[in-house]
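Asks: Annotation source Swiss-Prot lists [4Fe-4S] cluster binding site at Cys349, Cys409, Cys412, citing sequence analysis. Annotation source Swiss-Prot lists region 'Disordered' at 422-443.
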Amino acid sequence: MAKLRTLFDKIWDAHLVDVQDDGTCLIYIDRHMVHEVTSPQAFEGLEMSGRKVRHPELTLAVADHNVPTTDRSKGIENEESRIQVETLEANAKKFGVEYLRMDDIRQGVVHIVGPEQGFTLPGTTIVCGDSHTATHGAFGSLAFGIGTSEVEHVLATQTLVQKPAKNMRITVTGKPGPGVTAKDIVLAIIGKIGTAGGTGYVVEFAGEAIRDLSMEGRMTVCNMTIEAGARAGLVAPDEKTFAYIAGKPRSPKGAAFEAAVSYWKTLFTDEGAHFDAEVTLDASTLVPQITWGTSPEDVIAITGTVPNPADIKDEAKRKAVERSLDYMGLTAGMKATDIAIDVVFIGSCTNGRIEDFRAAAEIFKGRKVAASVQALIVPGSGLVKEQAEQEGLDKIFIEAGAEWREPGCSMCLAMNADQLKPGQRSASTSNRNFEGRQGRGGRTHLVSPAMAAAAAITGKLTDVRSL
């Protein structure tokens, strides 16, 4: 009888090139995405050793971290940022890699561009020098971030040295109630298992609540798997997956597509296959979630209160909570809905897709951004921007008093002009709330797009269900 295998096992086994006695593996990489921050030294290493990019057709380059989201005719003002983008373009040209320029409508955040272009396909291995590469796992691919030296290795050989991971399944049952989105589900998961809960694992997301998510929602969930410490996150492909991929520029066409779908339908976990760890969550019990502290595991319900260190017996945890409260400028026991906001950011590889902007627009429609709030709405790609404008979403945002920007990573991280000032507090749809993540001294609360829009309207963290 054939061994029962998980989805991860099937993809891993199909890509094994070699296994060493100590268990170290060499795996084949199907797709490689590169951006301006982690690729310069990798290309430089190739040049110094006289190597070529082994498979330029399997590599896609796009600048996203450093690009401005305001007037692009002025170029990039910060010299270091400008040099990184110029270097990526020069390297792509030199090594024959397709590069999506800033003036290309396809340009955007790397993890939004890949799926849009049909570069992301089920059953493939996908890497990028970026921690949120797990996003692509929503398509039933094995996708994970790698370091700069590994970027060079993949460019040169189209392979990667890896140790196999353990299997974890997170089953999300039930139907989410009003105001509860994919972002709330993944925040609740991280709040439950912690930022080290997934360490050493590849996580498969399963269950009714995951199946019911759109592809955009599944990407949001897989995107934040890394925040639970996991190597990657993935969802078995289904008819929603195939429909999303069909007709994309780089996806198979005609008979090749039908053949691909036949293979993709084999990409599921065999019934009875072994998982090293199992976690369950009932989505029907959730309300909208927020983070209160400086770690993605610092999650509470919007109806809840900020924790009180006095209630925590473990000294290390108590001190961590005290430090977070101090940095965040919060008092123990205060209501989540009493936390005032200065800036709202809707965008990023977590929530920068058309579905996210539709959800935000529903809240903004007929309302005004609070006078005390700056609201930045940043589409994840030029194609998302175009579609949002065709649907008139940009007009809703602008009429509400929000800023409709050009695509890029923007305020997700302090690598471009969009940054929090010291002491400013944001409601952000991004993925990390570390100290200084959005700017030195900035304070970040992670929320869904609808919750971010609600905060923009009221000037404080607000239960979107009340609007």
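For all residues, glycine too, the Cβ spot is worked out from N, Cα and C.
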Asks: Using the recorded [4Fe-4S] cluster site (Cys349, Cys409, Cys412) as reference, state which further residues of the same chain have their Cβ within 8 Å of the centre of those residues' Cβ atoms, listed in sequence order.
Replies: Asp64, His65, Val109, His132, Gly347, Ser348, Thr350, Gly352, Gly380, Gly408, Ser410, Leu413, Ser430, Asn431
Asks: Note down the number of other Cβ atoms within 10 Å of the Cβ of Cys349 ([4Fe-4S] cluster binding site), including every protein chain shown.
Replies: 27
Asks: For Cys412 ([4Fe-4S] cluster binding site), which residues in the same chain are close in space, meaning a Cβ under 8 Å from its Cβ, but six or more apart along the sequence?
Replies: Phe345, Gly347, Ser348, Cys349, Thr350, Ser428, Ser430, Asn431, Arg432, Arg437, Gln438
Asks: Among all protein chains shown, how many Cβ atoms are found within 10 Å of the Cβ of Cys409 ([4Fe-4S] cluster binding site), not counting that one?
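Replies: Other Cβ atoms within 10 Å of Cys409 ([4Fe-4S] cluster binding site): 29.
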Asks: Under DSSP, is Cys409 ([4Fe-4S] cluster binding site) helix, strand or coil?
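Replies: Reduced to three states, the DSSP call for Cys409 ([4Fe-4S] cluster binding site) is coil.
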Asks: On the DSSP side of things, how many residues of the region 'Disordered' (422-443) fall into helix, strand and coil, could you say?
Replies: 0 helix, 5 strand, 17 coil
Asks: Which of the three DSSP states, helix, strand or coil, fits Cys349 ([4Fe-4S] cluster binding site)?
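Replies: Going by the DSSP assignment, Cys349 ([4Fe-4S] cluster binding site) falls within a helical segment, counted as helix.
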